[in-house]
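What Swiss-Prot annotates here:
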type     : residues : note
SIGNAL   : 1-19     : signal peptide
DOMAIN   : 41-169   : domain 'SCP'
DISULFID : 77-155   : disulfide bond
DISULFID : 94-170   : disulfide bond
DISULFID : 150-167  : disulfide bond
DISULFID : 189-196  : disulfide bond
DISULFID : 192-201  : disulfide bond
DISULFID : 205-237  : disulfide bond
DOMAIN   : 205-237  : domain 'ShKT'
DISULFID : 214-231  : disulfide bond
DISULFID : 223-235  : disulfide bond
């Protein structure tokens, strides 16, 4: 039997069906601690081997809250991305990768497929060919995404792709202003020498900036200005990765 797989940034609209249990799913359900470990370790191992090397790549950790949100997305069986509002968790907009298949695949396989888009990606340039996808790769290696949660659903009413795997990443990557520079080039942990775990930084800034120009605003008006209430990362995180 030919196994079909599809991993898209923008999926074609298909008939909706409610996600339900499948006899083949229990081993892949992310309520299982071993699956959480596999998913998190796979992401971190791939983040360690980016080329060129990253000086500010954060280590990812598992979030049950994000996983629950990803499960809600998977259970819809729409085979398309959720809205920005549906991916906003505790005020933080998160990213999302999708993997559709006609038979169940391991999480490591799905994540590796996302990462393998790197063959079409050139740092600070973008896609190296037309009509190729790179957004899954850049999200997997987005330096500031440090929490993730994933989920799988079985969608029996879908004609082809009945297995639907979703990972969500917070904060989300693929920011338009730097989507082709998903991290800073430099020696591993170059930006976090005192908070490093085998090439990955362990000191994420847990504050967020609303504006892209917060560093410039800080220089102009200082953190005491009322407008800077929307620049908490710039003002509060002095040594953390932000």
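Cβ coordinates are placed from backbone N, Cα and C, and glycine is handled just like the others.
Feature map: annotations from Swiss-Prot on the structure.
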{"residue": "77", "record": "disulfide bond", "CB count, 10 Å": "23"}
{"residue": "94", "record": "disulfide bond", "CB count, 10 Å": "26"}
{"residue": "150", "record": "disulfide bond", "CB count, 10 Å": "28"}
{"residue": "155", "record": "disulfide bond", "CB count, 10 Å": "25"}
{"residue": "167", "record": "disulfide bond", "CB count, 10 Å": "29"}
{"residue": "170", "record": "disulfide bond", "CB count, 10 Å": "23"}
{"residue": "189", "record": "disulfide bond", "CB count, 10 Å": "21"}
{"residue": "214", "record": "disulfide bond", "CB count, 10 Å": "21"}
{"residue": "223", "record": "disulfide bond", "CB count, 10 Å": "14"}
{"residue": "237", "record": "disulfide bond", "CB count, 10 Å": "17"}
Chain residues outside the domain 'ShKT' (205-237) and at least six past its termini with a C-beta under 8 angstroms from it: 91-92, 171, 177
192, 196, 201, 205, 235 as disulfide-bonded residues, winner by CB count within 10 A: 201
Of the disulfide-bonded residues listed as 94, 155, 167, 235, the one whose CA lies nearest the CA of residue 205 (disulfide bond): 235
Between residue 237 (disulfide bond) and residue 167 (disulfide bond): CA-CA distance (Å): 27
Model confidence over the domain 'SCP' (41-169) (mean pLDDT, whole number): 97
For residue 167 (disulfide bond): DSSP state (helix, strand, coil): strand
Number of helical, extended and coil residues in the domain 'ShKT' (205-237), per DSSP: 18 helix, 2 strand, 13 coil
Secondary-structure category, per DSSP, in which residue 201 (disulfide bond) falls: strand
